[in-house]
Amino acid sequence: MSATINPVVDNSVFTDCKVADLSLADWGRKEIAIAETEMPGLMALREQYADKKPLAGARIAGSLHMTIQTAVLIETLVALGAEVRWASCNIFSTQDHAAAAIAARNIPVFAYKGESLEEYWDYAHQIFEWASDGSHTANMILDDGGDATLLLILGSKAERDPSVIANPTNEEEQVLFASIRSRLASHPGWYSRNLAAIRGVTEETTTGVHRLYEMEKKGELPFPAINVNDSVTKSKFDNLYGCRESLVDGIKRATDVMIAGKIAVVCGYGDVGKGCAQSLRGLGATVWITEIDPICALQAAMEGYRVVTMDDACDKADIFVTATGNLRVITHDHMLKMKDQSIICNIGHFDSEIDIASVQKYQWENIKPQVDHVIFPTGRRIIVLAQGRLVNLGCATGHPSFVMSSSFTNQVLAQIELWQNGKDYQKKVYVLPKRLDEMVARLHLGKLGVKLTELTDEQAHYLNLDKNGPYKPEMYRY
C-alpha cells in the first residue's frame, strides 16, 4: 500500500489549530513533497509499518520546531497510527507554510513564527488538551528542549506546593509561572491528571537530555525517557553536519556579511561547535574556539584552531557564535568591548547563552525580523541575531531534510519502543540500542549511493561479530 496520507478536501470547519495563514498550505505541501524525497529513513518506516500501525492508540503531545522536515515526521507518526497535537519549541523557528500544511490535514498544530512568550506557553498547554471534558489525555510526549515535559512536572509540583513558582529569575520564568498559576486556578488538578497518563518521553536535543538526567539523578523523573540526542545517528550527524550547513545559512540570510577574512569565535567545541567551526573555516574565516573542557580544547587545537577565552577575543573578533548549552557565555562586559558591527548569535537550544537581558536597557534598532542593532551610548553598534535564540531556525530554515531524516527516524523508533514496551522500562533515561542506530544509518545509505562491504564468514568469526551487526561496542565513540 502507499505510505502517502490522503489530502483533506475540505478543512473549512477545522478550528483546532493556531497558524499564521492557512492559505499557505499549498506552498507548504509542495515543500513537504520535496522534503520527503530527501528523508529516506522516515519514508522507509512508513512503508515498513503503515499496515501494522505500531502507534495505534498513542496520543502524542509534540513540542519540536514546526518546520517542513517536522511536518514529514508528524505525518509519519500519523501514518503509523498515532494521534498528534503539535507546538513549536521555539518562538521563532516555525515555518508558517509547514504549519498551515499540517493544519490543512486536520492535525492540531499551534505554532507561528514570532510568537510571544505568553502564546508559546499557551500553545504548550494546548498540545495536552485532547478533549474538553478530560476524557482523553496525551499518553506520550515527543520533546525538543524539554519544555513540554517540564510544564507537566513543574505544574504538578505547583499543585502541591505553589512556592515552586513564586520566584521567577528571568522573563521566561515570569511568563511560564504566570501561565501555570492561571491554569491552577481554572483547572485544578489538570497537571497531575495529564502527568499520570504519560507513558514516556523521547527527547531530541542536548539541553532537554540534560534536564532529564538531572531529574533522574534527583529521583524526580515520573516516567521512562529515551535520549534520542545521544544516538550516534543523531548527535554525530544532526549536531555536526546539520549545524555545519545551517549556521552560515542563518548568518548570511540575516546579514549578507562576507565571512571570508573575518575572525569568528565559536564558544563550545562539542559536536555542534565542531560543525560550526568547520563551516566558518570553510568560508575563509579565521576561527577561534573557547572551551571549558580540556579534551575538547585539545581537539580544537589539534585541528588547528586557536583556543582562547572570551576575554581575549571579545574586542578582536567579528562574529561570535555560542554553542555551549550554558548561560551567560557572552556577558554584558564582553558586548561592551566588541568592535562596531560585530555579529553575535546563538545556536544552542535556549536563549541563555548570550546575556541579552543585560543590554535591553540600551537602544535597539530593528533592521528586519530577527535582526537587531544594539546601540551603546558610545555610538558603537553590535548586530544581534534572533534575539539570542537559535540563529539557524530564527534567521533561516534549520538543518537540511536529509540529516533531519536521520534524527527523526530515531524519534519514531523511540516512540514505537516506549509505546509498545514502556512497561519494561523503569523511570530512567535510556538510549536506543546499537542495532537500531545501525538500522537508521542503513536506511540512509542508498540515497547517497553507498555500497557497504560485507564481512565474509571467516572475517566475522575472526572479529567475533555477527555479519549483520552490531559492529561496534556500546562505548565506541565514532
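The count begins at 1 with the first shown residue.
Every residue, even glycine, has its Cβ placed from backbone N, Cα and C.
Given the structure is predicted, the values throughout are model-derived calculations rather than measurements.
As annotated by Swiss-Prot, substrate binding site applies to THR67, ASP144, GLU204, LYS234, ASP238. Classification of ASP144 (substrate binding site) by DSSP places it in coil, neither helical nor stranded.
The annotation NAD(+) binding site is assigned in Swiss-Prot to 205-207, ASN239, 268-273, GLU291, ASN326, 347-349, ASN392. The Cβ neighbour count for VAL272 (NAD(+) binding site), using a 10 Å radius and every protein chain shown, is 28.
Look at the Cβ of each of the binding-site residues GLY268, GLY270 and count the other Cβ atoms within 10 Å; the largest number goes with GLY268. In the three-state DSSP reading, GLU204 (substrate binding site) counts as coil.
For ASP238 (substrate binding site), the binding-site residues whose C-alpha atoms fall inside a 10 Å radius of its own C-alpha are VAL272, out of THR207, VAL272, HIS349. The binding-site residues shown are THR67, ASP144, GLU204, LYS234; of these, the one with its CA atom nearest the CA of GLY270 (NAD(+) binding site) is LYS234. Among the record's substrate binders, THR67, ASP144, GLU204, LYS234, ASP238, no two C-alpha atoms are more than 17 Å apart, and one pair sits at exactly that spread.
Secondary structure from DSSP puts THR67 (substrate binding site) in coil.
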